[in-house]
Amino acid sequence: MYGIEYTTVLTFLISVILLNYILKSLTRIMDFIIYRFLFVIVILSPFLNAQNYGINLPITGSMDTPYINSTQEEMFLTSTLCLYYPTEADTEISDNSWKDTLSQLFLTKGWPTGSVYFKDYTDIASFSVDPQLYCDYNLVMMKYDAALQLDMSELADLILNEWLCNPMDITLYYYQQTDEANKWISMGSSCTIKVCPLNTQTLGIGCLTTDTNTFEEVATAEKLAITDVVDGVNHKLSVTTNTCTIRNCKKLGPRENVAVIQVGGSDILDITADPTTAPQTERMMRVNWKKWWQVFYTIVDYVNQIVQVMSKRSRSLNSAAFYYRV
């Protein structure tokens, strides 16, 4: 009886020892396999180019479009795009869902629904006074009008550059421009600007400071006027202050998140002739105009090429900002 019990206990102990040995052996084998596998992965990883799924995948759901194997953030997925267009476009299209249609078309170019905003403006005058360029990227469409050519080119100069501006009290003070980057910017429904250059004795040069009729007229009934006079010379100004506001401004540099698209016209606006435009490049393009649908289709087709020459900026531009810091 006791011999049977001892044999049973001995068999059980041997089984436990054998099982323990087998488990330890399996553990050592698995450790060897895992560590060897990880070692091989570490050695070969610099030479392998594996697709990181979830990065730069087409948001359209299509896997046909080739995407660069990169972990860089796709800017369109986190950026906003604003399109500014004249009200006549909305009137001509006359479709309550045209913006939704364009949003779906922008989606095919990588811009998620809700990232593209459409903003209309009545005319250049109202837009220049209150641009409201709030998006990461801003495309301003201006239909060519020969009668507004000066206003269009000056509006382009205004919104394509950053300006530091201060109020001017022309009733009490004389003003001079210090360098080529220093301009006087006037905005309003009708801006007529006259200037009288002064000598060192504050006497008018070719004009009488007491008679504005003898002043030189540099802008007549314009909605937006950027005035440039001889640097380092004091001037007395006459401005139609009841319909116009004038500011003393300094051009700081390009506003790289704004582009101007001229719609139609045989002449192309060009602001690069200004020596203060540095570098001598501009974010402007012209598209042919027949119908506004055609214009928007063209912009959707080329939106990514346009944005590639721009830079995402966080600083916004509105009427209040313009008067003090643009």
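Cβ coordinates come from backbone N, Cα and C, glycine included.
Classification of GLU216 (Ca(2+) 1 binding site) by DSSP places it within a strand. Around GLU216 (Ca(2+) 1 binding site), the same-chain residues six or more apart in sequence whose CB sits under 8 Å from its CB are LYS194, VAL195, CYS196, PRO197, GLY206, CYS207, listed in sequence order. The feature Ca(2+) 1 binding site is assigned by Swiss-Prot to ASP95, GLY206, THR214, GLU216.
Around GLN177 (Ca(2+) 2 binding site), the same-chain residues six or more apart in sequence whose CB sits under 8 Å from its CB are LYS183, TRP184, ASP228, VAL229, VAL230, ASP231, GLY232, listed in sequence order. Taken residue by residue with DSSP, GLN177 (Ca(2+) 2 binding site) is part of a strand. For GLN177, ASP228, VAL229, ASP231, ASP301, the entry in Swiss-Prot reads Ca(2+) 2 binding site.
For CYS82-CYS135 (among others), the entry in Swiss-Prot reads disulfide bond. Taken residue by residue with DSSP, CYS82 (disulfide bond) is part of a strand.
The annotation disulfide bond is assigned in Swiss-Prot to CYS165-CYS249 (among others). Residue density at CYS165 (disulfide bond): 19 other Cβ atoms are found within 10 A of its Cβ, drawing on all protein chains shown.
According to Swiss-Prot, the feature disulfide bond maps to CYS191-CYS244 (among others). The C-beta environment of CYS191 (disulfide bond), restricted to residues of the same chain at least 6 apart in sequence and closer than 8 Å, consists of ALA219, ALA221, GLU222, LYS223, LEU224, ALA225, VAL239, THR240, THR243, CYS244, ILE246.
There are 23 other CB atoms within 10 A of the CB of CYS196 (disulfide bond), with all protein chains counted. According to its DSSP assignment, CYS196 (disulfide bond) is in a strand. What Swiss-Prot lists as disulfide bond is CYS196-CYS207 (among others).
Per Swiss-Prot, the feature N-linked glycosylation site maps to ASN69.
Under the heading signal peptide, Swiss-Prot lists 1-50.
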Rounded to the nearest Å, what's the C-alpha distance separating THR214 (Ca(2+) 1 binding site) and CYS135 (disulfide bond)? Just drop the number here, would you?
46
On a C-alpha basis, identify the one among CYS82, ASP95, CYS135, CYS165, CYS249 that is nearest to ASP301 (Ca(2+) 2 binding site); the candidates are the recorded positions.
CYS82
Give me the count of other Cβ atoms within 10 A of the Cβ belonging to ASP228 (Ca(2+) 2 binding site).
13
Restricting to the recorded positions ASP95, CYS165, CYS249, which ones have a CA within 10 Å of the CA of CYS135 (disulfide bond)?
none
